[in-house]
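Asks: Please read through the structure below; I'll follow up with questions.
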Amino acid sequence: MSFDLSVIPNKNIIVGITGGIAAYKSAILVRRLKDAGFNVRVVMTEGAQAFITPLTFQALSGNPVHTQLLDPEAEAGMGHIELARWADLVLIAPASCDTLAKFAAGLADDLLSTLYLATSAPVWVAPAMNQQMWAAKATQRNLATLVDDGVHVIMPESGSQACGDVGLGRMPEPEELARQVTDYFHKAQRAIAEKFGLLASKHVVITAGPTREAIDPVRYISNHSTGKMGFALAAACYAAGAKVTLIAGPVSLDTPNGVRRINVSSAVQMLDTSMQLLDEGCDVFIATAAVADYRVAEVAEHKIKKSGDELDIALIKNPDIVATIAQQDKRPFMVGFAAETRNVEEYAAGKLVAKKLDMIACNDVSRADIGFASDENAMTVFFAEGYHLPKRDLEKASKQEIAQQLVEAIHDALHHDPAQDEAF
Ligand code: C5P
């Protein structure tokens, strides 16, 4: 399972396709952009339709394909001006030298060239043509004009061409184009989050997953924690503008985009890493890890051999990571988790006080539909007394949605001024 933020919701891309053999790659491009979560509309020139049919793109984009400037049917629904306004980005791929020339000259004799003039969205072109046509002075002059006009040019690659020539002029692979578009929106999203996000300018450290306590070189004690909640929180904190460091026990999850991950194994390693990060400066510490309560007193140097009917292994208590961090002089805002099978709220409230936490989120792991290995969770959040904030019930939802609500709860507590409550 992945908490990749690569899915970009609610962004509109117009893919303009012009006449060139590379048009076949645009079918995959549209597919990849849809996979990444974009709404895609396709505009085709007449030349493009000689290489590939509009029907292909209608099926792939899930939208009617636009081919005519003055098509009464299209103008009644989404005419060229609406289309120009709809776009968050216009990507012409492949862009023929004819189209580049039209754009540079400001001609508006078909839908695509009209759209180019009518849109205020960023315009990207991915030229693809014969290497001699690419090198032609007129093409280079037109490109220079377009760059001057603010168009982003995705440079063609060098290689063997459909016409048999070898040289510059191949359109980059569709996956690469889709990656560049996705990257652009991620960066834009991140820039906004870093300024206005709920956790902008905060460094959040999150512990996640189980710990693994060695018995001998081949055996260990651990638990069933999957780390999903911690990873979802890391993604949500990053999306909220925070710098995020994830201290992960052994789990098989992809690192969320933009998150720094430090892998650890044992509870002692997790504590050491947490302390080091505290020195780096940490504003919020979220402990979602299911830390083993005990570790083996003396880890055997060699594999323990089978002998006798019983085996005694002495265990000693592990340090409580969250409680240790909470005792430090420059303590961050401390968030703990409690997974209980009974008296959930009572035990959680007790831990909030005993571990000197600012906030605790608790759930009932006796419920099979939520918690540990599940993709969903339901929680109750308590704040330390000084915050004068009432408890919050977070209804059953995906771990991503719960993570988002926890980010909101952290933000509210960080910005809550109890003195103001008393004034009323
Ligand atoms: O005591 P219990 O394990 O129920 O406490 C849960 C909370 O304390 C969680 O936030 C967990 O990550 C944290 N914890 C810890 N170090 C431990 C045990 C628990 O940070 N050794």
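Each residue, glycine too, has its Cβ placed from N, Cα and C.
Found this in TrEMBL, in case it helps:
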DOMAIN    11-183  domain 'Flavoprotein'
ACT_SITE  Cys163  active site, proton donor
DOMAIN    199-412  domain 'DNA/pantothenate metabolism flavoprotein C-terminal'
BINDING   Asp293, Lys303, Pro319, Asp320, Ile321, Val322, Phe337, Lys351, Lys355  CTP binding site
Asks: Can you grab the distance from Lys355 (CTP binding site) over to the residue listed as 'active site, proton donor'? Cα atoms, rounded to a whole Å.
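Replies: Spelling it out, the Cα of Lys355 (CTP binding site) and the Cα of the residue listed as 'active site, proton donor' are 71 Å apart.
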Asks: Within its own chain, what residues at least 6 apart in sequence put their Cβ under 8 Å from the Cβ of Ile321 (CTP binding site), listed in sequence order?
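Replies: Those within reach of Ile321 (CTP binding site), by Cβ under 8 Å and sequence separation of 6 or more, are Thr207, Ala267, Met270, Leu271, Ser274, Ala287, Ala289, Val291.
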Asks: Under a three-state reading of DSSP, tell me whether Ile321 (CTP binding site) is helix, strand or coil.
Replies: helix
Asks: Max Cα distance spanning Asp293, Lys303, Pro319, Asp320, Ile321, Val322, Phe337, Lys351, Lys355 (CTP binders), Å?
Replies: 38
Asks: May I ask which residues of the same chain, at least 6 positions away in sequence, place their Cβ under 8 angstroms from the Cβ of Pro319 (CTP binding site)?
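Replies: Ala267, Val268, Leu271 - these are the non-local Cβ neighbours of Pro319 (CTP binding site), listed in sequence order.
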Asks: Quick one: among the binding-site residues Asp293, Phe337, Lys355, which has the most Cβ atoms sitting within 10 Å of its own Cβ?
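Replies: Within the set of binding-site residues, the most crowded position is Phe337.
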Asks: Just the number: how many Å between the Cα atoms of Cys163 (active site, proton donor) and Phe337 (CTP binding site)?
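Replies: About 63 Å separates the two Cα atoms.
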Asks: Neighbour count, 10 Å Cβ-Cβ cut-off, for Cys163 (active site, proton donor): what number do you get?
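Replies: Excluding its own Cβ, the number within 10 Å is 12.
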Asks: Could you please provide the mean pLDDT value for the domain 'Flavoprotein' (11-183)?
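Replies: The average pLDDT of the model in the domain 'Flavoprotein' (11-183) works out to 94.
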